[in-house]
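The domain 'Major facilitator superfamily (MFS) profile' annotation in TrEMBL covers 1-394. Residues or ranges marked as transmembrane segment in TrEMBL: 38-59, 66-86, 92-116, 128-153, 159-178, 207-228, 243-261, 281-300, 306-326, 338-358, 370-392.
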């Protein structure tokens, strides 16, 4: 299950990143401004947030196995349709198509997390989460490494057809190889029939600390991966193929750090270290180091140094991820996947705003400095709030009582 889930997440990120690379050529073909380009790039996240918010509920009701499969089929179909939408010369139609890609992808993580929570032992969940987070890096790297070259030889449109079709093939293997189990698919744990504690999600300070740290981390991840190819082209005057290579360097670190941090977290927990102390250790070390290196990127003049510093920054951000990603389940053992989906939805909302604002800022200033410094500032504020209010004590028992 974990292997095919990982492959599905890889495809998820490849299909997400395609537009960031293809948009360099599409901007020239369709005479977009940076503001229009930003709107196209951001439209994915408007759809993404919808199913992120409710994907956990869907997975609980209809099974993570089925929801994940339908999510892959959905986003793959609209990925294939993206070139057709673009060639209508209607920005609105293209935005709708990318919106629907986002709707499909938004259900992926809540669905796969539901399966992890139900099918795996608690001590192995951090490792599984770290593995899936590495899948996001693998997908990003595959896209940044292969798509620029494929565009040169085959054109940007055929890249959408290729990777969209791979999702359809993946679904065949998923249904054939991933078993339908009674606990996960045919029945609900009686505890999951209890009311979802919506009020606690939105008002409890410990829950909000997870919301804030996830949101700012998502802004960092989504905004940078969306704009990095353009950053290297605009700032250092490299080709789109070179920009793809430089852009993948930061995400090589995400192959390493989430997986290592997840395994290290599990080892510390097995040794009896306090769970909250483990979560905070990963978050502090990861976010503060990541923000430091991200700030330095704003002022460098060398393309090689910029890529190296971005690698160091994302090495840190990757360490932080397994620290906060499992805290929804710490706080809400019976409905953690619902809260997790809502936290990612929150990240999608503000990421879409940030992505669009970067485009506007570029039209006004021609500089990416605001993007890097703004992302670092938001993450530091979130960590300070997390430091004060973070907790791993379950909250649902209070709600039910």
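Any Cβ shown, glycine's included, is placed from N, Cα and C.
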**Complete:** Sequence-distant residues near the transmembrane segment (92-116) by C-beta distance (under 8 Å, 6 or more away from its ends) are 1, 5, 8-9, 12, 15-16, 19, 39-40, 43-53, 55-56, 58-60, 63-65, 67-68, 70-79, 81-82, 85-86, 125, 128-129, 132, 184, 336-338, 340-341, 344-345, 348
**Prompt:** List, by number or range, the same-chain residues at least 6 past the transmembrane segment (338-358) whose CB is under 8 A from its CB atoms?
**Reply:** 35, 38-39, 41-46, 48-57, 60, 102, 106, 109-110, 113, 196, 201, 207, 210-211, 214-219, 221-223, 226-227, 325, 328-329, 331-332, 368, 370-371, 374-375
**Request:** Establish whether the number of Cβ pairs under 8 Å between the transmembrane segment (66-86) and the transmembrane segment (38-59) reaches at least three, counting only pairs separated by 6 or more residues.
**Result:** yes
**Fill in**
When counting C-beta pairs under 8 angstroms to the transmembrane segment (281-300), the leading stretch of 38-59, 128-153, 370-392 is 370-392
**Request:** Six or more residues out from either end of the transmembrane segment (128-153), which same-chain residues have a Cβ under 8 Å from its Cβ atoms?
**Result:** 2, 5-7, 9-14, 16-18, 21-22, 25, 109, 112-113, 116, 120, 159, 162-163, 225, 229, 239-241, 243-245, 247-248, 251-256, 258-263, 265, 318, 321-322, 325-326
**Average model confidence [pLDDT] within the domain 'Major facilitator superfamily (MFS) profile' (1-394)** = 86
